[in-house]
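See below for the structure under consideration.
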Amino acid sequence: MKENSIPKIEGHATFYAHLKAGRIDKARIIGLDGERFVESIVVGRRYFEAPVITSRICGICPVIHNVTSTKAIEAACGIEVSKQTKELRKLMLCGQMIQSHSLHLYLLALPDFVGASSSFELQKTHPDLFQNAVTLKKYSDLIVQIVGGRAVHPVSNVPGGFKKIPEFSDLKKILNESDRIIEISQKTLALFASFDYPQIERKMIYSALCEDNDYAYYEGIIQTTSGNKFQAKDYHNYVYEELKPYNRAKFATLRGKEMMVGAMARYNLSRNKLNHTLAAYLKTLDISDKEFDNPFNNILAQAIELLHFVYESQRIINGLMRDGLKSEKMVEPKVFRAGVSACEAPRGTLFHSYSLDKDGYITKCDIVTPTVQNLASMETDMKLLAPIIKGMKPAERNALIEMLIRGYDPCITCATH
């Protein structure tokens, strides 16, 4: 079984699966996007150029590259930023999560459940649902534009702080929209909770940033369901990358073992730290608080997170308005050395690592994206579909495999960077 191009994913990829005696004994996901060698492009550049360049890796998730790169450069420069700067970055990341999750849920995943071939057909057959996607996207764009300077490839956030902080009145604009967005996000969650997902049960290692009291996404310790705990600076000792002869993207494992990152991993590791109002709403939808083991539930986990990050955006804005926005001086570099950072991208944990020379020029860069960490488990999960696709017509088999791959929300553009 093979598909020339998997539709409705970010980037371009194909798959190959060999079905023999009722089993899939070989499964391959093949990224088709060309390498751009961003890690080499930044070498020889000044430290402050890294967040600007690396945010161009992706048009769907530029904010997370900007923030993670900025944090890594700050670690390399000995820069400590203020609480206000951290809160503004977290608000911008809320916008990133809402942007990406809403697009994937409505325009890429939803057509599979309502019998639409594409988002264009969805617009015709379910215009109300399509409009939900547009409304959510506008809200998230508003957040990123106000905090980051523009909706795509933000420019305000730089190593040392923000070149320009938002106006009080602009934050009020976001807040005024948030109640309506919560209502739409609640309906979105109820919709995706109502679907019957194909059932694959397997035990997988899940990995994500974790904090003691918060649903982590800006900072924390990387934890796994297999018991590992490590700081971002030590990721090379745990996250192993390797090249496959059939793929332009690298594959990453947790010390040789397959793992899964992303919304489902975060939910499994930190579901008891979700917004309290959301947690109560989950009970009304009869969503179990047990660990998700079905990879298709990553879609449902994204719907849960969508609502969580709208609540989180409200919380942050209320806090900023209560404390008052202050004009702050940029924090200048104290040293030039190596620095690493990890943040939670919509699709999972993102690592950025830089080494600087004594004059602040980048000598080395390493970026490990979430999809790279998911590729191995995606191939394994394809093999587990064999009992379900047995007896299906070829077109039906391919459609189900595509649905599984889409459920991971892969970003091939980021994976090949």
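Don't overthink the numbers, they just go from 1 along the chain as shown.
Cβ coordinates are placed from backbone N, Cα and C, and glycine is handled just like the others.
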In TrEMBL, Mg(2+) binding by I367, H417 extends, among E10, E39, to E39
Ordered by sequence, the long-range same-chain Cβ contacts of I367 (Mg(2+) binding site) under 8 Å (at least 6 apart) are V38, E39, T54, I57, L350, F351, H352, S353, H417
In Å, rounded, how far does the Cα of C61 (Ni(2+) binding site) sit from the Cα of C414 (Fe cation binding site)? 9
Rounded Cα separation (Å) that holds between C58 (Ni(2+) binding site) and C414 (Fe cation binding site): 6
Write out, in the order they occur in the sequence, the residues of the chain not among E39, I367, H417 that have a C-beta within 8 Å of the mean position of the C-beta atoms of the recorded Mg(2+) site. F37, V38, T54, I57, C365, D366, T369
State the three-class DSSP label for C414 (Fe cation binding site), counting H, G and I as helix, E and B as strand, and everything else as coil. helix
Inside 10 Å of the Cβ of C58 (Ni(2+) binding site), count up the other Cβ atoms and send me the figure. 25
What residue among the binding-site residues E39, C61, C411, H417 has the most other CB atoms lying within 10 A of its CB? C411
